[in-house]
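*Asks:* Could you have a look at this structure, given as structure tokens, before my questions?
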Amino acid sequence: MTFMDFEKLRHGTELIKRGFARMQKGGVIMDVTTPEQARIAEEAGAVAVMALQAVPADIRKAGGVARMADPEIVQQIIETVTIPVMAKARIGHFVEAEILEALGVDMVDESEVLTPADPFYHIDKTQFTVPFVCGARNLGEALRRINEGAAMIRTKGEAGTGDVSQAVKHMKQIQGEIRALAGKTKEELIMVAREIEAPIELVVETAKMQRLPVVNFAAGGVATPADAALMMRLGADGVFVGSGIFKAENPEKMAKAVVEAVNNYDNPVKLAEISKGVGAGMKGISADMIPAQEALQERGW
């Protein structure tokens with residue numbers, strides 16, 4: 001009987017990386033900063049947790065340079081829960097990503113929520129065995145990240161605001177650009193590839209599939225069960241929730257309600273019941289009130 005290396009099965013080839021990402025479909029991934037929060041997320045039904053130093057709302061409020069979480073905290077979170085643990089690295093900071101991979105995280109988020117480390121390049125994700133998720137506002141950004149090796153895409157939205165409008169905008173933008181590819185000739189697709197600065201092979205594949213070649217989650221401003229259901233109705237494969245859980249009045253109730261909302265996103269009667277008694281959501285800030293130079297979604301290229 002051949003011995004199976006389960007670490008190699010979990011990580012490694014592009015097929016395996018994308019397979020792991022697809023396993024999270026239909027689920028909720030929650031930002032956590034402590035093992036206690038990770039336990040709450042798991043008990044609420046999250047399919048995975050995202051370990052970071054502070055939730056986006058606090059990162060935005062504190063200012064300064066936002067970096068990878070303390071490896072000791074990441075390790076404690078890994079040891080606390082049985083669901084997959086993801087963690088954020090700065091854009092272009094391949095050493096942070098290497099450290100997270102060495103810690104044994106299940107996925108790395110090359111995230112615009114943290115302060116970008118490289119003004120020229122994103123991480124070459126093909127050089128890693130751990131899968132990556134990256135943010136995107138449009139089809140060009142999404143396909144460039146996939147070309148670099150991303151196994152999952154998420155909308156950027158505007159993290160830490162509690163305002164879902166930018167996540168809606170980015171989801172509709174990507175889907176609209178994909179629909180516009182339908183029926184185009186090879187020559188026309190080549191022109192599109194040039195315009196959006198993406199590889200023609202990925203443009204052709206996307207046109208044929210009429211969706212991104214990898215799973216596409218919603219993120220950035222999801223703060224209520226209704227927000228989560230809205231993003232699923234718009235075609236998201238799943239939902240990331242950052243500040244919306246642990247900045248809510250009752251994090252435990254909000255976490256469970258968001259998971260239930262994603263599971264019942266197309267049933268308004270159930271959504272009404274789910275939304276009762278969860279307490280107030282995070283206070284938040286309108287994304288329109290944020291100056292362009294302070295918008296996290298503008299990070300990355």
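Cβ atoms here come from the backbone N, Cα and C positions, even for glycine.
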*Asks:* Among Gly92, Gly160, Gly176, which is the one Swiss-Prot gives for the D-ribose 5-phosphate site where Asp31, Gly221, Gly242, Ser243 also bind?
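*Replies:* Answer per Swiss-Prot: Gly160.
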*Asks:* Which one, from the binding-site residues Asp31, Gly160, Lys172, Gly221, has the smallest tally of other C-beta atoms lying within 10 Å of its C-beta?
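*Replies:* Looking at the binding-site residues Asp31, Gly160, Lys172, Gly221, the Cβ with the fewest others within 10 Å is that of Lys172.
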*Asks:* By a simple count, how many Cβ atoms lie within 10 Å of the Cβ of Gly242 (D-ribose 5-phosphate binding site), its own Cβ left out?
*Replies:* 29
*Asks:* What is the maximum Cα to Cα distance, in Å and rounded to a whole number, among the residues Asp31, Gly160, Gly221, Gly242, Ser243 annotated as binding D-ribose 5-phosphate?
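*Replies:* Looking at Asp31, Gly160, Gly221, Gly242, Ser243 as a set, their Cα atoms extend up to 12 Å apart.
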*Asks:* Would you mind reading off the Cα separation of Lys88 (active site, schiff-base intermediate with D-ribose 5-phosphate) from Lys172 (D-glyceraldehyde 3-phosphate binding site), to the nearest angstrom?
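*Replies:* Per the Cα atoms, Lys88 (active site, schiff-base intermediate with D-ribose 5-phosphate) and Lys172 (D-glyceraldehyde 3-phosphate binding site) stand 25 Å apart.
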*Asks:* Let me check the 10 A CB neighbour count of Ser243 (D-ribose 5-phosphate binding site). How many other CB atoms are there?
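*Replies:* The answer is 26 other Cβ atoms.
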*Asks:* Using an 8 Å cut-off from the Cβ centroid of Asp31, Gly160, Gly221, Gly242, Ser243, can you name the remaining same-chain residues around the D-ribose 5-phosphate site, in sequence order?
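*Replies:* Sorted by sequence, the hits are Val55, Pro56, Ala57, Val113, Ala159, Thr161, Gly162, Gly220, Val222, Ala223, Val241, Gly244, Lys247, Met282.
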